[in-house]
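So the structure is just underneath, and the comments pick up after that.
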């Protein structure tokens, strides 16, 4: 058996999220597994670093699967890209140790949220939009306070996997890039809809709809803190997944 790792990029707009679902619902995992099974002539089960929600995109999703096939790595990637819809692409095929797992071996995940200050017919598919002017320095000052270990339950949807609501954030901040306001955050793990919840809260404060003190109350998991409406899924990208050095990959072949 071989353990194969791939990097995946996708436009999440037409999909009901990453995770495979019954009843013919179209998901990114479902599309990838169907194409891989066809290429390798065996059933394939993918593990992924992040289970993105409906409409969320990825530039650096990482997956792995085990196979008995001896098909060369570049052939697998090329065949996948020929069969997959235009909204999904794979690259960086690597053979890794059998104990590597895309989700459980990851040390850090990074997300970026792209936000427009004016509506766009072209970029609206890949960015959120604010209906009011935003105080970017204030939003950045709030983002900086996320660094460290916090309970993010106030910013997320119900946790169903039993792993708790504490996350360790290495960095977070806002910046301007080519006409977009961009929120960048790196952490060991993320709760469901957590990044969109954080962005939604900071947008409300940056637009003057919420007092900045309410952000600290939410971060302190105050039972009386207001839960915010999450930002639109269209602006969120899983941008990178980081693994420890001891999961070095063999050369492509």
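Using the three backbone atoms N, Cα and C, a Cβ is placed for every residue, glycine included.
Per Swiss-Prot, active site, nucleophile is recorded for 53. Residues or ranges marked as substrate binding site by Swiss-Prot: 111.
A separation of roughly 13 Å, to the nearest angstrom, links the Cα atoms of residue 53 (active site, nucleophile) and residue 111 (substrate binding site). DSSP classifies the residue listed as 'substrate binding site' as strand under the three-state reduction.
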